[in-house]
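**Q** This is the structure I have questions about; it appears just below.
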Amino acid sequence: MRTLWILAVLLLGVEGNLVQFELLIMKVAKRSGLLSYSAYGCYCGWGGYGRPQDATDRCCFVHDCCYGKVTDCNPKTASYTYSEENGEIVCGGDDPCKKQVCECDRVAAICFRDNIPSYDNKYIQFPAKNCQEKPEPC
């Protein structure tokens, strides 16, 4: 219960898409994105540099690249719509930019779910000094 309260407090100042991304991760991967992926490896969390450390970190790298291709809206604040059909997340709405953001988040949530076995606690709060290699291109 305390963890849920802390999570709620942390999300109070967050708008739109980041909250939706958290909810999507919880729905698809059955984990809290905030607790599991906000400070993991070289790419999960704010920013990112170097080489992804494992398959989970690569999910964040690909998600960052996906957000980087969004040009007509801010992917961190754009609110989108989605539904669940036959157990799959389907991005909807009429705004192509918001739909693109939803697709970035949907693919990342599936990637997190599919790579849970690669998750390694040694990459939680991973020091930035270990992420100095030249990044690979998106």
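Cβ atoms are placed via backbone N, Cα and C, with glycine included.
Pulled from Swiss-Prot, these are the listed features:
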type: SIGNAL; residues: 1-16; note: signal peptide
type: DISULFID; residues: Cys42-Cys131; note: disulfide bond
type: BINDING; residues: Tyr43, Gly45, Gly47, Asp64; note: Ca(2+) binding site
type: DISULFID; residues: Cys44-Cys60; note: disulfide bond
type: DISULFID; residues: Cys59-Cys111; note: disulfide bond
type: ACT_SITE; residues: His63; note: active site
type: DISULFID; residues: Cys65-Cys138; note: disulfide bond
type: DISULFID; residues: Cys66-Cys104; note: disulfide bond
type: DISULFID; residues: Cys73-Cys97; note: disulfide bond
type: DISULFID; residues: Cys91-Cys102; note: disulfide bond
type: ACT_SITE; residues: Asp105; note: active site
**Q** Among all protein chains shown, how many Cβ atoms are found within 10 Å of the Cβ of Cys102 (disulfide bond), not counting that one?
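**A** For Cys102 (disulfide bond), the 10 Å Cβ neighbour count is 26.
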**Q** Checking your reading of the structure: which of the recorded positions Tyr43, Cys44, Gly45, Gly47 lie inside a 10 Å Cα sphere centred on Cys59 (disulfide bond)?
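**A** Close recorded positions: Tyr43, Cys44.
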**Q** When DSSP is mapped onto helix/strand/coil, what comes out for Gly45 (Ca(2+) binding site)?
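**A** Where Gly45 (Ca(2+) binding site) sits, the three-state DSSP reduction gives coil.
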**Q** Give the number of CB atoms, excluding that of Cys104 (disulfide bond) itself, located within 10 Å of its CB.
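**A** Cys104 (disulfide bond): 24 neighbouring Cβ atoms within 10 Å.
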**Q** Using Cα-Cα distances with a 10 Å cut-off, which of the disulfide-bonded residues Cys60, Cys97, Cys102 are near Tyr43 (Ca(2+) binding site)?
**A** Cys60
**Q** Quick one: which residues besides Tyr43, Gly45, Gly47, Asp64 have a Cβ within 8 Å of the Ca(2+) site's Cβ centroid, in sequence order?
**A** Cys42, Cys44, Trp46, Gly48, Tyr49, Cys60, Phe61
**Q** Take the C-alpha atoms of Gly47 (Ca(2+) binding site) and Cys65 (disulfide bond) and report the distance between them in angstrom, rounded.
**A** 11
**Q** Would you identify the secondary structure of Cys138 (disulfide bond) according to DSSP, in three states?
**A** coil
**Q** Between C-alpha atoms, which of these recorded positions comes nearest to Cys60 (disulfide bond): Cys73, Cys91, Cys97, Asp105?
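**A** Comparing Cα positions, the candidate nearest Cys60 (disulfide bond) turns out to be Asp105.
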**Q** What does DSSP assign Cys91 (disulfide bond), in three states?
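**A** DSSP assigns Cys91 (disulfide bond) to strand.
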**Q** In which DSSP state, out of helix, strand and coil, do we find Cys131 (disulfide bond)?
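**A** DSSP call for Cys131 (disulfide bond): coil, neither helix nor strand.
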**Q** Rank the disulfide-bonded residues Cys59, Cys60, Cys66 by the number of other Cβ atoms within 10 Å of each Cβ and report the first-ranked residue.
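**A** That would be Cys59, with the most Cβ atoms nearby.
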